[in-house]
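Colleague: Here you go, one structure.
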Amino acid sequence: MMVITYSAFCVLGLLCIGLQYWAIKSRKDPTIGNNPIFKNFQWGYFVAYFPALLGDWLQGPYLYKLYSYYGFQEDQIAVLYVFGFASTVLLGTWAPVAADRYGRRKLCIVFTVVYSLACLFKLSRNYGILLLGRILGGVATSLLFSAFEAWYVHEHLETHDFPKEWIAVTFNRATVWNGILAIVAGVIANALAEWVNLGPVSPFILAIPFLVISGAVVISRWQENYSTQKVKLRHSCMAGLKNIFTDPKIFLIGIIISLFESSMYIFVFLWTPILNPANPSLGIVFSSFMVCIMIGSAIFQLLQLQRVPVIYLLAVSIIFALLANIVCVIATEPDDMNRQLAFVAFLVIEISVGMYFPAMAVMQSRIIPEVNRVSVINWFRVPLNLIACAVLMTLHNNSFRHGNVLIFVICTGLLAAASMSVIKLISLSRDDDELRLTEEDVAENNGL
C-alpha cells in the first residue's frame with residue numbers, strides 16, 4: 001500500500017500540474033486584475049489568510065488517527081466527529097451575522113485564538129476535553145469561511161472601490177493556493193508524524209504558529225469594518241426559507257447540496273479507518289486527495305472554457321461520485337476487503353468533488369437571489385449535517401462488522417437521489433437563460 005500511495009501521489013501530481021498549466025494558458029486575458037495597487041491590497045489579504053488555511057489543513061490527515069492512537073473506539077470517534085459537524089451547522093448561520101455586527105477583523109482574531117485552543121486541546125487524552133476541542137474547531141471553521149471573505153469584500157468595494165469583477169480574481173487565486181497549501185500540509189503532516197516519528201498530535205501543534213502568524217498580521221495590518229446594512233437574523237432566515245419553498249429550482253439545488261455534501265462529510269470520517277490497516281502514509285494519502293480535487297477543478301475550468309453547460313458538469317461530477325461509491329461498496333466488503341481498490345475509488349470521489357464545488361457555486365449564483373443567498377445556503381446545511389450525523393451515529397459501531405459497507409450503500413443511495421434531482425433540474429432549466437453562461441461569466445468564474 002505504501003508504494004501505491006507514493007506512486008499515485010507522484011503520477012497525480014504531474015497530471016495536476018499539466019492540467020492546471022493547460023487551464024491557465026487557455027484563459028483569454030490573464031492581465032485583468034494586475035493593477036499594482038490592487039495586487040498590493042490582495043497580498044495584504046493573502047498574507048493573513050494563507051497561514052490560517054495552512055493551519056486548518058495541517059489538522060486534516062491525522063485527526064482520526066490521533067483519536068485512535070489515544071485508544072478510543074470507532075463509535076466514540078464518530079461522536080467526536082458529530083460534535084464537530086453539529087457545532088459547524090449551529091454556528092454557521094450565526095458567524096456571518098456576528099462578523100457583520102461586531103466587526104470582521106475582530107472575528108478573524110477570535111478565529112485564530114479559538115482554533116489555537118482547539119489544537120492545544122488535542123494534547124489531552126481526556127474525552128470531554130477532546131469533545132470541547134471539536135466544538136471549538138467547528139466554531140473556528142465557521143469563522144474561517146465567513147469572516148475573512150466578508151472583510152475582504154467590504155475592503156475591496158467600500159474602502160478601495162475596485163471593480164466588483166476583480167473579487168472573482170482574488171477568490172480564484174485563493175482557491176488555487178488553497179489547493180496547493182492543502183497538498184503541502186499533507187506532506188508536512190506526514191513528515192512530522194511518520195518520517196520524524198513525532199506522532200499524530202504533532203501536526204496540530206505545528207498548526208498553532210501559523211494561526212498565530214495569521215492573527216498577528218490581522219492585528220497589525222487590517223482595519224476594522226462592519227456591515228452597512230442591519231439585517232435581523234430571523235427576518236433573513238424566514239426570507240431564505242420562503243425562497244426555498246416557492247422556487248422549485250432552488251428547492252432542487254438544496255436537495256442536491258444536502259445529499260451530495262452529506263455523503264462527502266461521511267467520507268471524511270471513513271477514509272482513515274478503511275485505509276489505515278494497510279499502513280499507508282496518511283499525510284501522502286491526504287495530499288493525493290487534495291491533488292485530485294485540483295485535477296477536478298482544472299477539468300471543470302477546461303470544459304467550461306469549451307462552453308459545456310455548467311449544469312451538465314454538475315451532473316457529471318455527481319454521477320462520477322455515485323459510480324465511485326458503488327466501487328467502495330464492493331471494495332469494503334469485510335469478507336473480501338480490497339483496500340487498494342477502495343483507495344482508487346476514493347481518488348475518483350475527490351476528482352468529482354473538485355468538479356462539483358465550482359459547478360455548484362455557479363449554479364447558486366444563477367439560481368439563488370443574492371440578497372438571500374447566505375440564509376438559503378445555511379438552511380441547506382441543516383439536513384446536510386443531520387444526514388451525516390445520523391448515519392455515523394447509527395451505523396458506525398464496532399460490534400457491527402458490516403457497518404462501513406452499509407454506510408457506503410447509504411451514500412450510494414444519497415448520490416443516486418442527487419443524480420435524479422440534477423436530472424430534474426436540467427429538465428426545469430432547459431430553456432432558462434439564467435443558466436446559459438456568457439463570455440463574461442466564463443471569464444469571471446475562471447479568475448480572468
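Every residue, even glycine, has its Cβ placed from backbone N, Cα and C.
Heads up, TrEMBL stuff is auto-annotated, nobody curated it.
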Colleague: Between 45-64, 105-124, which stretch does TrEMBL give the note transmembrane segment?
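Modeller: Checked against TrEMBL: transmembrane segment maps to 45-64.
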Colleague: Can at least 3 Cβ pairs under 8 A be found between the transmembrane segment (76-95) and the transmembrane segment (250-271), with each pair 6 or more apart in sequence?
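Modeller: Yes, the transmembrane segment (76-95) and the transmembrane segment (250-271) are in contact.
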Colleague: When only pairs 6 or more apart in sequence are counted, do the transmembrane segment (283-303) and the transmembrane segment (129-153) reach 3 or more Cβ pairs under 8 Å?
Modeller: no
Colleague: Between the stretches 45-64, 129-153, 204-222, 250-271, 310-332, which wins on the count of C-beta pairs under 8 angstroms to the transmembrane segment (374-393)?
Modeller: 250-271
Colleague: So which of 45-64, 174-192, 250-271, 344-362, 405-426 is most in touch with the transmembrane segment (129-153), counting Cβ pairs under 8 Å?
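Modeller: If we count Cβ pairs closer than 8 Å to the transmembrane segment (129-153), 45-64 scores highest.
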Colleague: Examine the transmembrane segment (344-362) against the transmembrane segment (45-64) and state whether at least 3 Cβ pairs sit under 8 A, considering only residue pairs 6 or more apart.
Modeller: no
Colleague: Which one of these stretches, 174-192, 204-222, 310-332, 405-426, has the most C-beta pairs shorter than 8 Å to the transmembrane segment (250-271)?
Modeller: 405-426
